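Taken straight from Swiss-Prot:
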SIGNAL    1-23  signal peptide
MOD_RES   GLN24  pyrrolidone carboxylic acid
DOMAIN    49-105  domain 'Kazal-like'
DISULFID  CYS55-CYS87  disulfide bond
DISULFID  CYS65-CYS84  disulfide bond
DISULFID  CYS73-CYS105  disulfide bond
Amino acid sequence: MKVAGVFLLLSLALLCFFSGAFSQGGQDKRGWITRSEGRFPGKGVLRHRLFQINCGEFRDPKVFCTRESDPLCGSDGQTYGNKCAFCKALEKSSGKINLKHRGKC
């Protein structure tokens, strides 16, 4: 049973690694914003965090943001109330803001 669990975890790790989940950051054509943080301190050691937000639904200027609270911290040190507010600020900044982490700054 332990061997099967180890094999499953190793398979999932390899799948994530080779599927492109560890991108360098930026915005792709589907509207997904990726922000990766971390360093590669040595061979075989990987410390990496990946944040993704889908801003595709907020690109329309006719869409207004609600007041729901789900704070996001931007790379500019600003706390945005929710995903919509962050995406609107990202659009206004021409992509210069990145997602630092979820929660208040």
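Just so you know, glycine gets a Cβ as well, placed from its N, Cα and C.
Counting residues of the domain 'Kazal-like' (49-105) by DSSP class, helix then strand then coil, yields 13 helix, 15 strand, 29 coil.
Residue with the densest Cβ environment among the disulfide-bonded residues CYS55, CYS105: CYS55, by other Cβ atoms within 10 Å.
Counting other Cβ atoms within 10 Å of each Cβ, the lowest count among the disulfide-bonded residues CYS84, CYS87 belongs to CYS84.
Per-residue pLDDT, averaged over the domain 'Kazal-like' (49-105), rounds to 88.
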